[in-house]
Amino acid sequence: MSSRTSTSSYKRMFGAERQAMVRSTYSSRQYSSPGRTTSRVSYSSASSTSPSLYMSKSARSATRLATETLDFGLADAINTEFKANRTNEKAEMQHVNDRFASYIEEVRFLEQQNKILTAELEQMRGKGSSRVGDLYEDEMRELRRQVDQLINEKASVEVDRDNLGENIERLRQKLQEEMLQREDAENSLRSFRQDVDNASLARLDLERKVESLQEEIAFLKKLHDEELAELQMQIQERHVQIDMEVAKPDLTAALRDVRQQYETLASRNLQESEEWYKSKFADLSEAATRNSEAVRLAKHEANDYRRQLQSLTCDLEALRGTNGSLERQMREMEDNFSIEASGYQDTIVRLEDDIRNTKDEMARHLREYQNLLNVKMALDIEIATYRNLLEGEEYRITTPFPNLSSLSLRESMKEIRPAMDSLSKKVVIKTIETRDGHIINQSTQKDNLE
């Protein structure tokens, strides 16, 4: 009764009885290469006819043999040995059932863990990688946009710098021309100053000559006056003598003629001296006026050149200041651009590290999942093996045995061994190729081993 109850409960738990016992082995190998991982999973199973059939056949033959040749004197000893064997088998079955229950609990726990890890892996595949990839792409687009903007700004600043450089070069050339013109004006001014100095010296010389001539005229006039005075005195003395001497000739007309001649000569000399002085003074005045006008024009041009030079110097200083400020701004922009580019590069490296870490984490989860799957498959194989063993044992236990001799049991075991030796073996080789944590190829190969 207990045997039937255990059989029905086993059928409710594991299904109908199997008439074939499966012996399976499992092995897994992984070959890794850069960027590619190959997993090779091998299954070997052996199927044969259940030993219970051989046992039933041997039991039938033993029954016929026992009915024909059984010695009733040994029945009690055989029954006692059979009861002891049944007790030992029950204890072993209880131990096997306990181990089987623990294996079932462990398998359930591992299946739950496998489901959790599978859900996490699917979530990471569905959301994590896409979210990180989208963030990476958005960040890269933003960085590229900023880099393009900075490149455009740098190009515009370089164009402005080139334009300012051209303006500075043009102003420098203009400054050189103005400086040459200033040097020419200064040379002209120096020549004009030399002419003015020469004219001044000539004027001073003429003034001295005029003074000397005036002094000479004054001296001659004084001398003339003195001579006239002497002549008048002589004339008076002679007039007195003439008055006293009646017979002396009349000298008045001669003196008058001499006086007129001297007066005419003196007036002519004075007039010529005045005309010569006036002409010389006019020439000197005209030369001085002309030279003063040239000096005034030269001074005016020099002042104009000085003002232009000052304005150009101010413009040059302003342009130098503008150029210096633009160069400082350009250096600051280049420094900021270098700093931002290095920051963007660090961000890119950090994002690549995050992506690499995420891929490594996914690969690690895949490896764990693969390991758990391997463990699950090994446990499934072991459970199937235990199930087949339990089915065989339960079938053997529930089969009614009459009182048998030890000879019949030995013969039945001898019949089972050849049957076990004649098992056919099948090897299943499953190859899985992964790259960056994703399965890219999967193949299965079956081989039969004798």
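In case you wondered, yes, glycine gets a Cβ from its N, Cα and C as well.
If you check Swiss-Prot, you get these features:
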type	residues	note
COMPBIAS	24-38	compositional bias 'Polar residues'
COMPBIAS	39-56	compositional bias 'Low complexity'
DOMAIN	89-397	domain 'IF rod'
REGION	1-81	region 'Head'
REGION	24-56	region 'Disordered'
REGION	82-117	region 'Coil 1A'
REGION	118-139	region 'Linker 1'
REGION	140-231	region 'Coil 1B'
REGION	232-254	region 'Linker 12'
REGION	255-393	region 'Coil 2'
REGION	394-450	region 'Tail'
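Within its own chain, the region 'Coil 1A' (82-117) has Cβ neighbours under 8 Å at 365, 368-369, 372-373, 375-376, 379-380, 382-383, 386, 389-390, 393, 397, 401, 403-404, counting only residues six or more beyond its boundaries. According to DSSP, the region 'Coil 1A' (82-117) comprises 36 helix, 0 strand, 0 coil. Counting residues of the region 'Coil 2' (255-393) by DSSP class, helix then strand then coil, yields 139 helix, 0 strand, 0 coil. Note: the region 'Coil 1B' (140-231) comprises 92 helix, 0 strand, 0 coil (DSSP; helix = H, G, I, strand = E, B).
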